[in-house]
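*Asks:* According to TrEMBL:
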- 1-20: region 'Disordered' (REGION)
- 33-72: DNA-binding region (DNA_BIND)
- 96-197: domain 'CoA-binding' (DOMAIN)
- G107, V108, G109, Y110, L111, G112: NAD(+) binding site (BINDING)
Amino acid sequence: MIPPTPLGMPDEDGSGEIARTDLSTPAVGRLSLYYRELHRLLDSGQTSTNSRDLAAMVNVSAAVVRRDLSSIGSVGRRGVGYDVESLANHIGAVLGSGVHWKAVMIGVGYLGNALLRYRGFERLGFSLAAAFDTDPAKIHQVVGSTKILPMDQLETVLREVKPELAILTVPSEQAKEVADKIVGLGIQGILNFAPTTLRVSSAVAVINVDLASELQQLAFRIQNG
Ligand SMILES: NC(=O)c1ccc[n+]([C@@H]2O[C@H](COP(=O)([O-])OP(=O)(O)OC[C@H]3O[C@@H](n4cnc5c(N)ncnc54)[C@H](O)[C@@H]3O)[C@@H](O)[C@H]2O)c1
């Protein structure tokens, strides 16, 4: 893996500091949204933007955008705003995009299948090196551009490919055992879709994705709106 530029060190072109190891989780989430919107602007040929427009795109206030961006050392120029490309590159460097991350997927059922076909991960620097499943009928199939391998090849492949990340899309009853196994094989971060709380070493980052819980929060907001 190309190591990420260490936070707090000058960025690649020496034009500024990539600051902050202490960004809050919501701030990191917003930076990721700015990054997505900046790339959309780039695709449409727009070269500059400002905090007010960025704010409208991600539904926060312009003050929040300015605070988020200044916390990573990006200050817009009065009357000019931000250069879209350099801001996208700067946020990307802070978030670790531009770094090549290797991921594997464990469990290629309905959800795993849909995720493997999604092309949006590559753009952010994530490649799905391999996928694993226990179902013999799925072994050696290629979904998207990723081959499904049997679980008995997990150890060999992880030791060889050295992925940093794993996407866990197995049934919840299997999640703990699989998580322990992949952590033992050097996985540093797990994106867990199984509806269960994983208890793994604190050195391993775990992000839980739970759409049911998001729906519940949405319903709560409407009910209490
Ligand atoms: N987070 C969310 O929003 C969300 C949404 C839908 C589903 N889910 C969860 O995602 C998981 C997958 O859902 P699905 O609908 O794709 O289920 P699925 O049953 O279609 O797929 C599960 C796959 O995991 C494989 N598997 C089972 N045990 C395994 C093991 N020990 N090692 C490797 N592979 C194994 C199965 O062969 C199957 O292919 C479930 O835990 C489900 O509850 C989460």
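A Cβ is built for glycine as well, from the same backbone N, Cα and C atoms used for every other residue.
Remember, TrEMBL labels are computer predictions, not curated facts.
On a predicted model such as this, the values are computed, not experimentally measured, just so you know.
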*Asks:* Under DSSP, the DNA-binding region (33-72) has how many residues in helix, strand and coil?
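*Replies:* Helix, strand and coil residues of the DNA-binding region (33-72) number 29 helix, 2 strand, 9 coil.
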*Asks:* Excluding the flanking five residues on each side, which residues at least 6 beyond the ends of the DNA-binding region (33-72) place their CB within less than 8 Å of a CB in that stretch?
*Replies:* 18-20, 23, 27, 80-85, 87-88, 90-92, 94-95, 97, 123
*Asks:* Excluding G107, V108, G109, Y110, L111, G112, which residues of the same chain place their Cβ within 8 Å of the centroid of the Cβ atoms of the recorded NAD(+) site?
*Replies:* M105, N113, A114, L115, D133, T169, V170
*Asks:* Taking every protein chain shown into account, which of the binding-site residues V108, L111 has the largest tally of Cβ atoms within 10 Å of its Cβ?
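*Replies:* That would be V108, with the highest Cβ count within 10 Å.
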*Asks:* Identify, among the binding-site residues G107, G109, G112, the residue whose Cβ has the fewest other Cβ atoms within 10 Å in this structure.
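*Replies:* G109, out of the binding-site residues G107, G109, G112, has the fewest neighbouring Cβ atoms within 10 Å.
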*Asks:* Give the mean pLDDT for the DNA-binding region (33-72) on the 0 to 100 scale.
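*Replies:* Across the residues of the DNA-binding region (33-72) the model's pLDDT averages 95 on the 0 to 100 scale.
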